[in-house]
Structures are given as structure tokens and as C-alpha cells.
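Trainee: What follows is a structure written as C-alpha cells; I'll ask about it next.
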Ligand code: GDP
């Protein structure tokens, strides 16, 4: 009888699938293979498999995905936690907005911003990166080193399928290790983590974590917006949708007169940093299109 499982990782054309009672090593059934190559299956995919021994099986069918993140390629996530550091490296608004845009593009509904290294924060911790809170994203302020804020992060991760994205060195692996030392993820310089040279990327893997899964993503920190047209960027800034009544429709919120978004920035209802990040990304996409 077929049973249901979730792909944890794909390694040497073998699919490691978490079934109810064990991780089963699977191959694809011939006719499934025709429609979709092994490379098409990604961690997070839900499949129906037939067991051929207690440890081995054959994949019969692949369920439709609810979402797909492109880098790393992981399917059926329930949330994305974008992790940045309060300092070292400093959180650049353009970098934060770029990760937010990629998260919005994936189709994953729950997007959380996690600011790590709050022990290095100078100024009022409660208001650090508050402009993203105002934009509607939950912001967690934590320190892997000091253990602050970890209880809330733990609560957010329990039972979910989460990918932690964000710039390298933000402390993603440190946070996961602090929450579950048995993960024993390598921390420190990216070059050491990837290990086999600059051009090798490690494959993504779902790691069982507090009743759900997490994906650690070394080697996926250079993020390009490849699939997005300039006219679609505004949909990846959901906070802009609150400001309606632009004279032109559609409005790119850049050069047009009587633009409600620009008026909101002038009135300080919308963060100028966030708007500037939008314009920088828009210009980048327009240049790419040419
Ligand atoms: P990743 O690339 O995002 O996975 O980052 P790592 O977890 O490898 O951490 C990068 C560096 O930041 C390491 O040297 C960590 O020791 C350091 N680090 C991680 N979390 C904290 C923190 O909360 N405070 C401080 N001061 N340093 C941290």
C-alpha cells in the first residue's frame, strides 16, 4: 500500500524521504521519472511511496506544491525567517528588502524578520528595524550569544517548516544551534562552511526540528532577483498597497506625479529607507530588462 512521505534531501539521485516511522531511501518509479526528472524533486516535496524493504522504497506520485522557494530550491514551506544581524555585518536596508522581495515571490505566506546579535545593538533595542514592523512584518530581536529572545523564536519555529535566509554571517546557524545543540551546524566563515571551494553550493536539507523542520542555507546568501519584471516589484512590497489613489494606474511609484506612495513617504507614514530600497531594486530590474 502506498504511504505518504516528505523529501528531506536529494543526494546522488537517492531521495531521502521521511515516512511515518523511518527515513526511507527512495528512487523514482520509471513513469514518474518521465514527467519530472530527479532534479525536479526538491526537499519539502510530498510524495506517495511504495516500500520495497524496511529502508527502501519507490516514489509513485508527487503531490502538488503549495509554494517553491528558488534559492535554495525547497518546496511547501510554511514560513520564511529572514535573519539579519543588528551589527557585524550591519543590516543594509537594500539587503533586507531584497530578501523580503524574494520571500514574497516564493508564495510563502508567513514572513518573519529576525534580528540577531542584539547584544551588539547600540541605541534603543525596542525600535531597531521598527520600519519593517510598521510594514507589517513581525520582527524578533534576539541574541544567539546571550540567549535573549530565543523563547519567542522557538515558539515561532515549533511545528513549522521554516527556511532561514539572510546574509552570510548573520548568525543563522548559531541561532539554530542555540535552540537545538544536537543540530551541530557549522558556524563561522562561509568559506569554511562550504569547504570545497567558492563554486560549490551545498544542497539544501530539511532538518527535523521541534515537531517541524528547518532548512539551514550556507552558500545561498548571494540573492539575485532574476524572475521578476520591474512592473511586478510593487506586489512584493505589500505595505505599499495601503496607499491607494495614485493618479496613474498602474503606478510604478517612481516618476509619476500625484503618487500616493510618494505622498506617504513625504508625510512620514511610510519609511523613506524602505522606499529608497524599492527605488534601488526597481532601477536594478529596469537595467536588467534592457
Ligand atoms: P550564518 O552565516 O548566518 O549561519 O552565521 P553563523 O551562525 O555562522 O555566525 C556568524 C558569526 O557571528 C559567528 O562568528 C558567530 O559566533 C557570530 N554570532 C552569531 N550569533 C551571534 C550573536 O548573537 N552575537 C554576537 N556578538 N555574535 C554572534
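Using the three backbone atoms N, Cα and C, a Cβ is placed for every residue, glycine included.
Given the structure is predicted, the values throughout are model-derived calculations rather than measurements.
From TrEMBL, for reference:
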DOMAIN    66-223  domain 'CP-type G'
DOMAIN    75-221  domain 'EngC GTPase'
BINDING   116, 117, 118, 119, 166, 167, 168, 169, 170, 171, 172, 173, 174  GTP binding site
BINDING   246, 251, 253, 259  Zn(2+) binding site
Trainee: So around the Zn(2+) site, 246, 251, 253, 259 aside, which residues have their CB within 8 A of the centroid of those CB atoms?
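Mentor: Not counting the recorded site residues, we get 247, 248, 252, 254, 256, 258, 260, 261, 262.
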Trainee: How far is it from residue 172 (GTP binding site) to residue 251 (Zn(2+) binding site), counting Cα to Cα, in Å?
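Mentor: Roughly 37 Å, rounded to the nearest whole number.
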Trainee: Taking every protein chain in this structure into account, which of the binding-site residues 116, 168, 174 has the most other Cβ atoms within 10 Å of its Cβ?
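Mentor: The residue with the most neighbouring Cβ atoms within 10 Å is 116.
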Trainee: Measure from the Cα of residue 246 (Zn(2+) binding site) to the Cα of every one of the binding-site residues 116, 166, 174, then give the nearest.
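Mentor: That would be 166, nearest by Cα distance.
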Trainee: Going by Cα-Cα distance, pick out whichever of the binding-site residues 251, 253, 259 is nearest to residue 116 (GTP binding site).
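Mentor: Its closest listed neighbour, by Cα, is 253.
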Trainee: Tell me which of the binding-site residues 251, 253, 259 ends up closest to residue 166 (GTP binding site) in space, Cα to Cα.
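Mentor: Looking at Cα distances from residue 166 (GTP binding site), the smallest one goes to 253.
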